[in-house]
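To keep things clear, I will list the structure first and then write my remarks on it.
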Amino acid sequence: MTEGLHIADIVAGYGRRRVIDGLTLPPVPPGTVVGLIGANGSGKSTLLKTLAGLIGGTGHTRLGDHDLRRLSPALRARLVGYLPQTVMRPSSLAVYEVLLSALRATWPELTRARADQRIEAVLADMAVTDLAMRPLGALSGGQRQMIGLAQVLVRAPRLMLLDEPTSALDLRWQLSVLERVRGEARDRRAIALVAIHDINLALRFCDRVVVLGEGLIAAGPPAEALTPAVLRRAFGVTARIETCSHGRPIVVTDGVAAGAIRDQEDIP
Amino acid sequence: MSVAATSALGRAYARRTRGRTLTLIGLAAALAGSLLLDLATGASDMPLGTVLAGLWDPAAAEVGVRVILWDVRLPQALMAVLVGAALGLAGAEMQTVLANPLASPFTLGISNAATLGAAIAIVAGFHIPVVGPEWTVAVTAFAFAMAATVVVQALARTQGLDGGGESLILFGIAMVFVLNALLWLVQFLASADALQQIVFWTMGSLGRSTWSTVGLLAAVVALCFPWAMRHVWAMTALRAGEEHARALGIAVGRMRVLVLLRVSLLAGVALSFVGTISFIGLVGPHIARLALGEDHRFYLPGAALGGALVLSLSSVVSKSLVPGLVLPVGIVTALVGIPAFVALILLQRRRP
């Protein structure tokens with residue numbers, strides 16, 4: 001299979017410190033939303049930055065026929081949309097200008113009318129059309145985070161790398177943003193890698209999850225990969241997977257597990 | 001039908017764009033008016049009609065009018081416009097790549113470095129062989145301004161700037177103090193004659209303008225402005241944050257090097273001809289940001305026009321404040337600029 005995203009033997013870090021040491025993931029087919037789960041410092045952001053080409057590293061990363069590590073910056077910016085964890089800085093730049101400059105920087109050949117249409121469509125899809133002419137400085141942190149995501153979606157990348165896109169959002173917007181990301185993946189057969197802290201959101205919206213710890217802890221469909229043992233190893237907590245009254249799995253956390261980090265023998 | 005309905009936002013934005021174009025035209029018209037006013041103001045009375053006639057047909061004008069207009073006032077008035085435009089553009093670009101609205105050639109010590117260079121050249125009294133005596137001070141000032149930019153550049157490279165580049169501004173203030181101390185040292189060692197020259201240089205004056213310095217600065221502005229305009233989209237994207245811009249495939253580090261190179265060229269050449277003229281690089285971009293926003297297609301020309309307008313008006317004020325006396329224009333810009341600077345600091349504090 002040459003389609004989809006292939007990641008093998010990635011080694012990456014900052015300076016001399018290796019955060020990811022030889023990570024290999026199962027191939028990801030097009031149209032898939034993958035949730036990246038793991039404790040703070042487990043390498044979620046580092047993995048996303050490596051794939052986005054923002055930090056160096058070694059290993060194989062292929063998207064379809066493209067070797068991600070050898071792409072020119074211009075082509076990479078078209079194929080790969082990375083949303084940093086840091087929210088956009090407040091400035092007097094209008095939301096519309098943020099999206100327009102993103103399009104101009106990545107798709108310079110697009111006509112003005114086409115660019116306008118794309119921007120309109122994305123803002124309407126995310127239900128933030130009323131923010132279009134407001135300056136970033138007049139928006140809340142959560143609103144700026146959504147504009148950051150809109151700036152990724154407007155470029156229509158084949159691989160979306162989203163670093164905690166819902167961290168500043170309230171409940172309703174968390175749902176609608178993830179809904180949008182999933183729709184985007186389905187409609188355009190794009191792949192989304194989403195670093196996410198809320199495990200129940202991951203259970204609900206992701207087709208697959210990847211649990212990172214000291215290396216790869218588990219990978220697969222969320223209901224299979226997220227077991228009490230995996231959660232104990234990844235976060236050092238005792239947790240149960242229950243079924244809610246609608247029949248969906250939910251994770252209930254009971255507390256911090258004693259000696260959980262060293263106690264790994266119970267993982268097969 | 002549906003196309004018309006979905007492009008409402010596009011139309012709203014096009015309206016805003018038209019409004020900004022009109023604002024730019026308005027600024028340019030104001031600048032033209034200020035330039036004429038500047039030409040009509042001076043020690044000897046010259047009505048606007050005489051100025052226009054003398055500009056239109058120099059051969060028909062009286063000799064006195066022709067000499068005053070073409071050899072004295074026109075180079076000075078054009079110098080005010082060019083220096084203002086150069087400093088405004090330099091300040092705007094600097095604020096974008098250093099992510100701080102307080103960055104400018106003046107606040108980061110670049111103009112102080114130029115002053116120190118000029119003072120050393122005046123006191124030492126050396127001549128750079130090829131350059132000739134009348135250009136030596138300017139060339140030395142330029143070299144010092146360049147060196148200061150290299151230091152700023154090195155610091156910008158080692159420090160992360162996504163936090164607002166506060167350490168950079170503090171470093172700039174430290175640099176201003178160090179350079180001032182060195183300037184005092186040079187002044188202390190200078191002869192009375194050299195001291196007078198240094199003090200005059202420090203106050204910033206358009207009086208030394210000649211057609212050759214005007215021509216050289218015009219060439220620098222004509223080179224740097226279109227060069228800057230080629231990167232307007234990337235600079236606009238950078239305003240949303242460095243990581244976001246890098247994710248768009250913009251080579252932020254490389255852009256920062258190029259911009260600071262342009263800034264040192266613009267500010268270095270401008271300051272080396274007129275001495276210390278403060279705050280234009282801060283006020284020009286601020287006017288543009290308020291009037292036009294930060295879409296760099298409008299922001300950069302707006303900052304250049306804003307800087308030119310403020311310096312041109314300052315030149316008019318410097319000639320008309322005390323009848324029969326031309327004050328150094330640097331004094332006027334400092335008095336106008338300091339309130340603006342304080343307002344900027346207070347506004348920045350209020351932001352979350």
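Here, residue 1 is simply the first one shown, and the rest follow in order.
Placed from the backbone N, Cα and C atoms, the Cβ positions cover glycine too.
Remember, TrEMBL labels are computer predictions, not curated facts.
Since this is a predicted model, take the numbers as computed values, not measurements.
As recorded in TrEMBL, the features of this protein are as follows:
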- B:74-94: transmembrane segment (TRANSMEM)
- B:106-129: transmembrane segment (TRANSMEM)
- B:135-156: transmembrane segment (TRANSMEM)
- B:168-190: transmembrane segment (TRANSMEM)
- B:210-229: transmembrane segment (TRANSMEM)
- B:259-283: transmembrane segment (TRANSMEM)
- B:298-318: transmembrane segment (TRANSMEM)
- B:325-347: transmembrane segment (TRANSMEM)
Which listed stretch (B:74-94, B:106-129, B:135-156, B:168-190, B:325-347) has the most C-beta pairs under 8 A with the transmembrane segment (B:210-229)?
B:74-94
What residues in the same chain, six or more past the boundaries of the transmembrane segment (B:298-318), come closer than 8 Å to it by Cβ-Cβ distance?
20-21, 23-24, 27-28, 30-31, 34-35, 37-38, 41, 76-77, 80-89, 91-93, 206, 221, 225, 228-229, 232, 235, 277, 280-281, 283-289, 291-292, 326-329, 331-333, 336
Check the transmembrane segment (B:106-129) against each of B:74-94, B:135-156, B:168-190, B:259-283, B:325-347 and return whichever range has the most CB pairs under 8 Å.
B:135-156
With the transmembrane segment (B:168-190) as the reference, find which of B:74-94, B:135-156, B:259-283, B:325-347 contributes the most Cβ pairs under 8 Å.
B:135-156
Any residues 6+ beyond the ends of the transmembrane segment (B:74-94) with a Cβ under 8 Å from its own?
31, 35, 38-39, 55, 103-105, 108, 206-207, 209-211, 213-214, 217-218, 220-221, 224-225, 228, 235, 259-260, 262-263, 266-267, 269-270, 273-274, 277, 280-285, 288, 299-300, 303-312, 314-315, 329
